[in-house]
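A.B. asks: If you look up Swiss-Prot, you'll see 1-28 marked as transit peptide. The domain 'CoA carboxyltransferase N-terminal' feature in Swiss-Prot is assigned to 34-292. Here Swiss-Prot flags 34-535 as region 'Carboxyltransferase', drawing on sequence analysis. The feature phosphoserine is assigned by Swiss-Prot to S73. Look at Swiss-Prot and you will find K101, K476, K491 tagged as N6-acetyllysine. As annotated by Swiss-Prot, N6-succinyllysine applies to K101, K250, K476, K491, with the evidence given as similarity to another entry. Residues or ranges marked as domain 'CoA carboxyltransferase C-terminal' in Swiss-Prot (evidence: sequence analysis): 296-535. Residues or ranges marked as region 'Acyl-CoA binding' in Swiss-Prot: 327-360.
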Amino acid sequence: MAAVIRIRAMAAGTRLRVLNCGLGTTIRSLCSQPVSVNERIENKRHAALLGGGQRRIDAQHKRGKLTARERISLLLDPGSFLESDMFVEHRCADFGMAAEKNKFPGDSVVTGRGRINGRLVYVFSQDFTVFGGSLSGAHAQKICKIMDQAITVGAPVIGLNDSGGARIQEGVESLAGYADIFLRNVTASGVIPQISLIMGPCAGGAVYSPALTDFTFMVKDTSYLFITGPEFVKSVTNEDVTQEQLGGAKTHTTVSGVAHRAFDNDVDALCNLREFLNFLPLSNQDPASIRECHDPSDRLVPELDTVVPLESSKAYNMLDIIHAVIDEREFFEIMPNYAKNIVIGFARMNGRTVGIVGNQPNVASGCLDINSSVKGARFVRFCDAFSIPLITFVDVPGFLPGTAQEYGGIIRHGAKLLYAFAEATVPKITVITRKAYGGAYDVMSSKHLLGDTNYAWPTAEIAVMGAKGAVEIIFKGHEDVEAAQAEYVEKFANPFPAAVRGFVDDIIQPSSTRARICCDLEVLASKKVHRPWRKHANVPL
């Protein structure tokens with residue numbers, strides 16, 4: 001019996017040693033595997049950080065441009081960037097694209113989230129060092145993913161565009177990727193702020209995403225936006241045109257109105273973008289942040305009492321009024337070099353973000369025309385979508401006459417600005433500084449378009465038209481034209497006819513304008529408006 005027990009014990013010991021031997025081999029195998037995976041992870045990360053390689057990075061720098069990652073690093077708060085999809089690679093196997101040398105971790109775009117002055121934003125930065133920043137299916141997928149996340153959590157999306165366009169090797173998949181992005185641009189419109197910063201070429205299908213975003217900024221001399229390049233234009237129309245002439249920053253900020261501002265270089269653009277974001281809310285559900293204000297809300301501005309010339313035909317600069325009224329003269333003007341007869345931009349009043357709209361008497365006497373109407377309308381609609389109060393300074397003699405305007409559709413385009421002000425439900429405060437003539441008076445956030453508070457300065461002239469034109473109609477053939485003009489001015493070219501009818505709420509001293517506006521904004525902060533249900537409005541596009 002004892003012998004049997006010893007034999008069984010020996011057998012059990014043998015089996016145990018065998019099991020231990022097998023387990024040891026397994027453990028050693030498992031221990032060595034993570035080392036291999038970790039090495040691969042680190043290698044992939046290193047490759048992703050290099051983008052298209054040092055040679056292409058150097059070429060990017062020689063052009064005066066930062067790399068995709070350098071741009072993100074400068075834009076966001078230090079250490080706040082959390083990258084997503086670093087290991088994503090393109091899926092194209094045609095034209096030799098499956099070769100290992102044509103695979104780059106992250107493909108041609110860097111995506112993720114971070115913070116600007118402590119506030120959450122999502123960002124994508126196209127990497128020109130990888131296939132010229134061209135858009136592949138994987139590239140589009142990465143952008144769409146962060147856009148979906150931004151909509152879900154309610155945070156702005158910033159696109160740093162530097163791309164040669166669609167990746168030709170991927171064919172229709174690349175085009176599908178563009179459409180996926182366009183759809184999200186439309187879905188996000190009015191929900192979260194969308195900002196495009198063009199920092200290199202942006203051609204073909206790539207241009208439509210920036211066009212769908214709320215604001216488009218460009219970098220001088222290095223960024224271009226066009227549907228087709230100069231070579232194609234030459235082949236079709238026989239026009240000789242350079243990239244800069246066709247789609248450079250100057251063209252789009254002064255002629256086409258496609259871009260809202262242009263900056264000197266990448267660093268200047270990114271620093272200004274950080275400043276700009278401070279004015280905006282994170283989403284349509286989030287009020288714009290209120291900054292601590294050291295500029296007294298009841299501050300009087302004596303120089304405003306003499307800023308408007310006594311002669312109604314003499315020009316002055318509306319920016320002088322705007323700068324004097326807002327907090328600490330800090331005004332971020334939008335489209336300053338396009339349609340200069342109207343001024344738009346963001347400022348603060350007692351720490352609150354406001355949208356400013358003002359006619360500019362220095363340019364075309366402040367008349368409204370096609371371009372200024374479109375410029376103003378889009379800005380007003382953005383402010384309304386994101387609950388930013390509107391302050392309007394009015395000095396408008398009417399709509400610009402002439403065949404060029406009529407043939408160009410001034411009636412339809414002018415209606416856009418009228419529509420935008422009428423549709424807006426945010427607090428609306430209007431100050432008539434001098435002329436408010438004809439239909440343009442109605443359009444510029446008048447009481448009839450449900451302006452909340454409408455003020456007139458003593459210099460205000462609210463009438464159907466100017467005295468000279470009115471007299472030629474009313475007193476046609478009258479012997480004493482000067483006396484007739486004086487009579488018209490006495491009766492109509494002053495603020496009293498509108499004031500006695502309640503079309504302006506008060507005639508105020510210009511020096512008290514800041515104090516009155518700040519007080520009104522405090523009261524109107526709780527404004528609520530309920531409109532009839534509709535699927536969407538039919539804007540006169």
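Quick reminder: no glycine exception, Cβ is built from N, Cα and C everywhere.
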A.B. asks: Please count the residues of the region 'Acyl-CoA binding' (327-360) that DSSP assigns to helix (H, G, I), strand (E, B) and coil.
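C.D. replies: Secondary-structure composition of the region 'Acyl-CoA binding' (327-360): 3 helix, 19 strand, 12 coil.
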A.B. asks: Rank the modified residues K250, K476, K491 by how many other Cβ atoms lie within 10 Å of each Cβ and give me the one with the fewest.
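C.D. replies: So among K250, K476, K491, the modified residues given, the one with the fewest Cβ atoms within 10 Å is K476.
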A.B. asks: Distance check, please: Cα of K476 (N6-acetyllysine) against Cα of K491 (N6-succinyllysine), rounded to an integer number of angstrom.
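C.D. replies: Cα of K476 (N6-acetyllysine) to Cα of K491 (N6-succinyllysine) measures 18 Å after rounding.
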A.B. asks: Measure from the Cβ of S73 (phosphoserine) and count the other Cβ atoms within 10 Å, all protein chains considered.
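C.D. replies: Taking all protein chains shown, S73 (phosphoserine) has 16 Cβ neighbours within 10 Å.
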A.B. asks: Sorry to bug you, but what's the C-alpha spacing from K250 (N6-succinyllysine) to S73 (phosphoserine), rounded to the closest Å?
C.D. replies: 27
A.B. asks: Report, in whole Å, the straight Cα-to-Cα distance of K491 (N6-succinyllysine) from K250 (N6-succinyllysine).
C.D. replies: 47
A.B. asks: Taking every residue in the region 'Carboxyltransferase' (34-535), what is their average pLDDT?
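C.D. replies: Averaging the confidence scores along the region 'Carboxyltransferase' (34-535) gives 93.
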